[in-house]
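Participant: The structure is given below, and queries will be raised subsequently.
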Amino acid sequence: MDFYYLPGSAPCRAVQMTAAAVGVELNLKLTDLMKGEHMKPEFLKLNPQHCIPTLVDEDGFVLWESRAIQIYLVEKYCAHDPALAERLYPGDPRRRAVVHQRLFFDVAILYQRFAEYYYPQIFGKKVAGDPDRLRSMEQALEFLNTFLEGERFVAGGDDPTIADFSILASIATFEAAGYDLRRYENIHRWYEQTGKIVPAADKNLAGAKIFGLYFRQK
């Protein structure tokens, strides 16, 4: 499968961790957004939204949006291993609903508010972050800290799910940007614990460091 990505991108890293968990090898296609590679005609033909990550399966099926890709990888490539599928993406409607809620929370609240606070400093060349956006971002972290109260993983249960992969990638990016997570006791505990056991956690950290370097340069 071809995987169009940037290592510094949290959504791309979430897919890489999911692929590693299900045992799928990705053919990495580095796509430099700053050079406009996502706007080339050949890429637009694959993905008219011109975003990464974008996955092209071996039969030509194309999918983008990281969380949709995560679900697709588990549903297709764990068919031979129901126990693994159940751990990563539980079949019980209520447990799966919680996984969905955490995934949607990540895309719509947690990472969105990170982007709203930090991206103007990177791409808009603002020296300092907006204090209102900082408070909004910290509120999102407080929500996550509450979700993790008394829980080992973000969607509960005894095993990490694809929601953990997605949020782990986001939180690694917070850390790479220099945000101190230690004030959020539950997040800090979960981050330290989960980062040691998920597949391809080393790629997640390496990619986050690339983001952090880019952030400091800007």
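The count begins at 1 with the first shown residue.
Yeah, the Cβs are placed from backbone N, Cα and C, and that goes for glycine too.
Annotations in TrEMBL come from automatic prediction, not curation.
According to TrEMBL:
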DOMAIN    1-81  domain 'GST N-terminal'
DOMAIN    92-218  domain 'GST C-terminal'
Participant: Quick one: DSSP breakdown of the domain 'GST C-terminal' (92-218) into helix, strand and coil?
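Facilitator: Computed counts for the domain 'GST C-terminal' (92-218) are 92 helix, 0 strand, 35 coil.
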Participant: According to DSSP, how is the domain 'GST N-terminal' (1-81) divided among helix, strand and coil residues?
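Facilitator: Counting residues per DSSP class in the domain 'GST N-terminal' (1-81), I get 37 helix, 14 strand, 30 coil.
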